[in-house]
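For reference, TrEMBL has these:
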{"type": "DOMAIN", "residues": "B:25-471", "note": "domain 'Amidase'"}
{"type": "ACT_SITE", "residues": "B:K80", "note": "active site, charge relay system"}
{"type": "ACT_SITE", "residues": "B:S155", "note": "active site, charge relay system"}
{"type": "ACT_SITE", "residues": "B:S179", "note": "active site, acyl-ester intermediate"}
Amino acid sequence: MTKLNTFEQAVATYEPVLGLETHIELDTNTKMFCGCSTAFGAEPNTQVCPVCLALPGALPVANKAAVEATIKIGLALNCRIAEWTRFARKNYFYPDMPKNFQTSQYEEPLCEDGYVDVVVDGKAYRVEIERVHLEEDTGKTLHVGGTTGRIHGATESLVDYNRAGIPLVEIVTKPVPGTGALAPEVARAYTAELRDIVRSLGVSDVRMEQGSLRCDVNLSLNRPGEEWGTRTETKNVNSLRSVERAVRYEVRRQSALLDAGERIFQETRHFHETTGETSPGRSKEEATDYRYFPEPDLAVMEPSREWVEELRASLPELPRKRRERLQAAWSLGDKEMQSVVNADAVDLIEATVAAGATPSAAVKWWLGELSRRANESGEELAAMRITPAEVAELQGMVDDGRLNDKLARQVIDGVLAGEGSPSDVAAKRGLEVVSDTGALEAAVDEAIAANPAVADKIRGGTHAAAGVLIGAVMKATKGQADAGTVRQIILDKLG
Amino acid sequence: MSRIIDKTAAELAADIRDGRLTSVEVTTAFLDRIDAVDGTVKAFLHVDRDGALATAREVDEAVARGEALGPLAGVPVAVKDVVVTKGMPTTAASKILEGWIPPYDATIVERIKAAKLPILGKTNMDEFAMGSSTEYSAYFKTVNPWDTGRIPGGSGGGSAAAVAAKMAPLAIGTDTGGSIRQPGAVTGTFGAKPTYGGNSRYGLIAFSSSLDTPGPVSRNALDGALLHEVISGHDPRDSTSIDAPVPPVVEAARLGATGDLSGVKLGVVKEFKEGADAAEPGVVAAYEAGLEQLVKLGAELVEVSCPSFAYALPTYYLIAPSEASSNLARYDGVRYGLRAGDDGKRSLEEVMSLTREAGFGPEVKRRIILGTYALSAGYVDAFYGKAQKVRTLIKQDFEKAFEQVDALVSPTTPFIAFEFGARTGDPYQMYLADLYTIPTNMYGGPGVSVPVGLSEGMPVGLQVMGPVLGDDITYRVAAALESTQDVLLADTAPEISAQRFTSFDEGGK
């Protein structure tokens, strides 16, 4: 395998063209074509019926709530809503697909031609949406008996059809050229924005880690002025960070191949979370002919304009508007707000403020200490084991003088380690500012006795020298003293 | 006629309601008849004596309590094996579903059960309803009760033969290209393909989703209409089900039985009489004699032209196999039915292939291959796409015709029941059996076949085709034709021991 280029090398020579296909599981109560529950996490094959198991004779009936949710997504993405739309069968054999065809949409999707605007590095990008269509999810196959959990080497394959038939919305962008070195960030920003829009609509919990939002990343490279290159489609990209990494990796991989004079194959690739690499899957050139045709078991849908306008009027505040409102409420500058958005911290900060923290404190924690730790561990901010309420509680303890910054960071250690709420951790670990003035005065006296020269300086009016004594007191109290209080005691004694 | 099995369903229902007969007596009579003659006819794939008698007892208890009962309560019915029946084997006459016991009932079966008709069992058919002779059943051939050397039609040969041989007063069939009407014609029974969407397809094992329609098989139009009304009506579980009132077919059959067709305009399709599409002379003779009877009753005959009908057969053989290739993809051995070659070493793909290889018969495979081809990239526009356009033209021909006439008439099928093996060697010769019935399926309207006479001693059927949701006119015309006959053709079905029935006055009275 050719050695990878660095990302910088790659984007110096080639221009990436992005394309994103996103699947979103809707959180309707029932499945797309039957009355089975869609609840996550049930015992395998308990949420099934003749329809979603494709028993002989069973017929689908479209879920109106899912159609409504899809129209809402289309409207929020600035799409045109079809006046005449229908389902189509996508035929291919796979054991997790009970009918051996997926009921999807082909030539007549529910929504077409929209866009999503994102801002990266102060620059605005418009990602155009080609289509939004409605289809059904497949079951889940579990390969057992092998070492890798994949089909190779497995002795048995078990299928859970609980997921089969859950409504799935597919959102396909048009190709996105012109992002250059920012391609990974644009891909991430688009995915985050899409997720936030769908979440604001309340039609899906859009949890990437549970698979209710899944991304396929298409990427090709071309030299400036040349035609677009052959694209690869990377599947299994299941976090915002992975979206960014998958784009970055494909840019590096493809550029190295192109440099070596090799060609890019149009193929499906898989993203590996652990290594951040992609590996080839099924080649599209030998791919199945899906033999699409209109689904004869389902009636054509003609969403009335009245209904569409009703839905348009019912749309909630969309993320862009909400961000503008929050930015004003939190008194943040554009750059600062952009950092909050890029860190995916809007919801977290809003919830932290709602739990009682000041906006500035909430921003400080999430963008500072917690972002630093998320980066270290390679986690999403929201996936960390600390809740907005806990951050607010932590800040409350600081405000009350029960914790100083150093202690607060140790409390975070404990919370992230699963030791409980900030007050639990503080109690268990004995992390409290020493507020017993008697003990502090004794420690100050000791420090003065041990540093007579410094004490004289302070007596002489050089108050800055107090730092040495404060340091000694903090050391003696293992950091559990409030620096301000200690300073006051020292100045009271020597001033 | 003194025997229970000679009575019509309407008579049996009245006898049960009025206490002259019990449902147990009636049901037992038909079960005994099955025991006596089905060894020869082989119409049933499965007989449910206990289940049928249990329902019969419920009806008798209800009668004893003086409860109000539905119009066919207690009258037994046979069900084509393509219709899913909870707890009762359902195979669509295919090896791939051998041993499968459905966990649910088709909507029409739920309605039959709610109306308290004892279900005698499941009838034989061409595998997955693909065929015109029932020779493609994976289990055994069903014989024509009129001549045991001949086919009973198909795909619903079992239902038609069961009614013709008086093993059941009523049966359920399904019609995709003629599978109710053509067996009706060649066995001297009445069969109706209702308006598409008028009867629920939920629980019908799908062959061609845009064409499949369940309907009644009976000895006369009134019995058919009574069963039609039991199973009809909107079903929210079938998206293609029409949410409209059920056409008044029972009323229409009673009106037709008065023998008055004055003011009724019947269209004779010009193209069916011409060239290669013409029926054999004996069929034409019986059919034309029938037309004369209809004119005597006051009907006006008008020649209409439906030029696109000439393309109905090839169009059908693109659309139906295309849909079938997709509908039958689910039979893969993963979840139910046959699984072949699963030795723990073979891959999933191999096991799926071996299962389908072993489980499907030759005609089913032929149609899956046809349909897969017609939908393939590069061919789909020329085949499936073009066929859909022609289908629209056929619909327009019907709509235009119904601006002029109330119903269209034709022979049901171009030839009388043929001998076993006569057409299995050449698929096209077999497909021709549905030449006159297929246009109705392409259009979606109703069509019935009613016995009109004999040719070479074998029954001939007359088809009446109506406009969408105009099922009533088809029943009215059929019942009117029956009123001209001394005895119902179906009532004169030969005893199985007597190989041939000869006393029918050919051409009617």
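FYI, residue positions are counted from 1 along the chain as it appears here.
Cβ coordinates are placed from backbone N, Cα and C, and glycine is handled just like the others.
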Rounded to a whole angstrom, what is the C-alpha distance between B:S155 (active site, charge relay system) and B:K80 (active site, charge relay system)?
10
What number of additional C-beta atoms lies within 10 angstroms of the C-beta atom of B:S155 (active site, charge relay system)?
36
At the Cα level, what's the spacing in Å between the residue listed as 'active site, acyl-ester intermediate' and B:K80 (active site, charge relay system), rounded?
11
Name, in the order they occur in the sequence, the residues of the same chain whose CB lies under 8 A from the CB of B:K80 (active site, charge relay system) and which sit 6 or more residues away.
B:K122, B:T123, B:M125, B:G156, B:G158, B:S159, B:A171, B:I172, B:G173, B:T174
Could you check what DSSP calls B:S155 (active site, charge relay system) once collapsed to helix, strand or coil?
coil
Return one of helix, strand or coil for B:K80 (active site, charge relay system), based on DSSP.
strand
Neighbour tally for B:S179 (active site, acyl-ester intermediate), based on other Cβ positions within 10 Å of its Cβ:
37
Summarise the model's confidence over the domain 'Amidase' (B:25-471) as a mean pLDDT value.
96
